[in-house]
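**Student:** Starting off with a structure, shown below.
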């Protein structure tokens, strides 16, 4: 199908009507707010409240994030037959909001197809709609599974200025903004649902500066905020001047109704008195993990979470994040010692729980493990111990945690990190048993950085120093250390991040200075662990390539490592 | 981008060279064969062998399935940086095959993009390539994640006839074959990787008959065969005459090199003496389940499988399929009785194992369960028993099976059916613990049909009759029956298949005659069990909508049932 370059111009009437003097300014409200996936009625109610609030503060136009009416990403809810009816009802329920233009992200269904759209609502009328032209279908995105491509530019005149609409991916491409400029746009409004990745806000800023300055167009960029399954939308909505400088930036990770006023003659925005602090890399990662967990737990209706503390750094950091996300009173820690649990592990687990003021129980698993081993003894026929016996310990802990979860209704958090998950250094149904893996996308070396970061936030470190300094161990056999089976985490994470996050091949990784045999071994471990990851719980994506929907590998896979 | 309608005509030289008499016939070999995902070198070797074999039998042209060089679906292997180099090497390694035209499905990477392509190889030269125009991005397919759209028609002249190329989805659309007809095609060759669904072969036949007859074009349709993770390619390659009748049909589910000869003057194919038997619905479902399991186990390198037998029908049928897939000597059955296991369950489990001649062990789980309960007692503080205690039994069995798997290297098969998985009537890390769920896409009522089908295949039924007739029970508490918590399976499966397979909404299902409260309850159960399915093992897709990559729902999902 060829791209249709027809331009639709929509001219809204002057909302005041009686006033023929061209106004000097237009005030925009950026509704950076969390809209729940599927909850169309509640989302429309929220839009109504925000519109009334913004109007009260003097806003002329309020802009909601991409697809906010349905939430993002709705996945196969977009295929439900009642979608169109629900959306229409919700949009018409918004039609009694007067004296403010609402730009609403929603899924548009008509006889031409299903579109990822923005509706222009004004004084009870739907004044027009724009359909997203560029549909991302890579990484975590599957938009071509659901949506048809929009083929028209949409602009509307309002209070003397001409506003062009774009949605998310459109702005990352060159042509849509260029087309709008040619059609006479004075200003671009862009609706987004851009998920968090480390350093993503810097990338967005650079892109916005480039697009604004190359076309001499101010841009109003509204992002979604909040967690949805494995994704976190980090807000950070922005307004740029025509020269590419940032006039306003909203907070990261928080709901915010941000107002900004454009001088209609100069086409310049008023400038923010004080921009929000730029977040350090650790700070933004940590906040993403907190928000991802908080929203998953709260929106799934759990009253709390339960964590198996081992005395090690992964569960220590998971505990901190859980407490920061949910509060101490909703976090339950259980230490499940066995034969190989060291005294300092017991001490450190208790110390963490005490410092963070969470419920703490010690539940030794001797009886469970012995019962299982006794059951198996006739079948094992005195075969020598191997990793089977280690897995039994891990699985006994999994059974205990799940039983506590079933009995008391708390969600089990798992504590596996990305390095472990990558190479399969974990036990299915054991330490992998649980509903949410907080550190799923955090490499072990990043776990250390985040632990130190969290400790720096308070006068008394919440994670005992020796948890950070002692050599990591799964404590599943005497004197076990992670580095008995794995290279140093610096080397491991170096190879893993090139292979996974950068999608580099065997030879290219070796060319970066890593040992060939080690690279081959690690890649093979990653490829062979796909079956474990398939059954892993979800966890918040913070990297450029997270395990889960972003990285789709076959289980049966005969791709050779080398080459 | 607009669609380019340029037509590339490729004329192959007369392969004999010295012979200027126009030949009377062209023989095509349809290489319906299993090509392993990722194994480019081995796949090229297999192509070479098949080409030599076909040439020996007098074939002029050999056609391989869609993307056969890499296997289908390769998923994110298509993003590996070494893909292009590996494919080029493999194609050039095929260039010494002489005197037969090879039409090879492969991923084509060049500066225009990545394409799902067919190469025409002849006497050491790559004579041309066709890029698939229609890229499915629905259901199990994610082709737009990887591929760019082809925009050209490709035809080649060979021995006096003009052959037009298509790939899979192209043939389901109207325009590509119509374009080829206009460009002078005498015959269509279509490469496919069309996964099995119940009744799919009938749908393919109807489509082929329609396309052939409406354009008066014979079609050579080559399908892939074999299992790849959750998909089974069922073969059934076909050749149609210009009037739409089927001249040849290859076997379903089996590798086959099928030859067919076209009379160049009449453009008619010779006709098959005896077409393969049309398979009953149960027969094709059963074979799909056998092939899916067989190929997953063998290609994952497992030496055998282990199954927890309960005496119930799901594990009974799973055992049959495992034995038919792998042979009795590779199947290990374990009965794990507890307090609530009935005597007839023990008898029936043993009877099944004996009749199928598999290794059978009884492993009572009293010690394991008691050990776990003893460990939990101080934390449970005499709270009354609930489903927690039932889950502990299921998880004790999961731990035992996984320990046996770890110790002896066999893959644990789970036995959950689609009805259970849909409503969450199963225990995560309990009966859901394992690497492959044979009945994942089989509703309980279909389980009964398949059990009866399997019993009819032999004089002595392999599944004792009372396993089929007794009311199903998880036997996790005294006198428990599935129907204590669920409606009759006929009602349940009726609602489920409308909601899941047909994607119907609440009201439409009620309009089919089901009770409104029941429909609401079942839909809610399905929606609330998404978190369990996320961590479920894979299993063979046999329906029009299988759980897994074909049905992608958010975990946090506030979509209301009604409406």
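In case you wondered, yes, glycine gets a Cβ from its N, Cα and C as well.
Values in this document were obtained by computation on a predicted structure and should not be read as measured data.
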**Student:** Out of A:388, A:414, A:415, which does TrEMBL tie to the same ATP site as A:308, A:309, A:310, A:311, A:312, A:313, A:314, A:315?
**Tutor:** A:415
**Student:** Please report the DSSP secondary structure of residue A:308 (ATP binding site), reduced to three states.
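**Tutor:** In three-state terms, residue A:308 (ATP binding site) counts as strand.
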**Student:** Using a Cβ cut-off of under 8 Å to chain B, which of the recorded positions A:66, A:138, A:194 qualify?
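**Tutor:** From A:66, A:138, A:194, flagged as close to B: A:138.
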**Student:** Residues with Cβ closer than 8 Å to the Cβ of residue A:66 (active site, proton acceptor), same chain and 6+ apart in sequence?
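**Tutor:** For residue A:66 (active site, proton acceptor), the qualifying residues are A:72, A:105, A:116, A:118, A:132, A:167, A:168, A:191, A:192, A:193, A:224.
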**Student:** Around the ATP site formed by A:308, A:309, A:310, A:311, A:312, A:313, A:314, A:315, A:415, which additional residues qualify by having Cβ within 8 Å of the site's Cβ center?
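**Tutor:** Checked against the 8 Å cutoff, the neighbours are A:307, A:316, A:318, A:319, A:349.
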**Student:** For the ATP binding residues given in the record (A:308, A:309, A:310, A:311, A:312, A:313, A:314, A:315, A:415), what is the largest pairwise C-alpha separation in angstrom?
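**Tutor:** It comes out at 12 Å between the most distant Cα atoms.
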**Student:** Of the binding-site residues A:308, A:310, A:312, A:314, which sits closest to residue A:138 (L-glutamine binding site) by Cα distance?
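**Tutor:** Ranked by Cα distance from residue A:138 (L-glutamine binding site), first place goes to A:314.
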**Student:** Using the residues the record lists for L-glutamine (A:138, A:194, A:200), what whole-number Å value is the largest Cα to Cα distance?
**Tutor:** 16
**Student:** Which number gives the other C-beta atoms within 10 angstroms of the C-beta of residue A:314 (ATP binding site), all protein chains shown included?
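**Tutor:** Cβ-Cβ neighbours of residue A:314 (ATP binding site) within 10 Å number 24.
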**Student:** When you average the Cβ positions of A:138, A:194, A:200 for the L-glutamine site, which other residues in that chain have a Cβ within 8 Å of that mean position?
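**Tutor:** Here the non-site neighbours turn out to be A:136, A:139, A:140, A:141, A:195, A:197.
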**Student:** Excluding near sequence neighbours, so keeping only residues 6 or more apart in the same chain, what lies with its CB under 8 A of residue A:200 (L-glutamine binding site)?
**Tutor:** A:194, A:234
**Student:** Using a 10 Å radius around its CB, how many other CB atoms surround residue A:308 (ATP binding site)?
**Tutor:** 25
**Student:** List the residues of the same chain that sit at least 6 positions away from residue A:312 (ATP binding site) in sequence and have their Cβ under 8 Å from its Cβ, in sequence order, or write 'none'.
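**Tutor:** For residue A:312 (ATP binding site), the qualifying residues are A:345, A:467, A:472, A:473, A:475.
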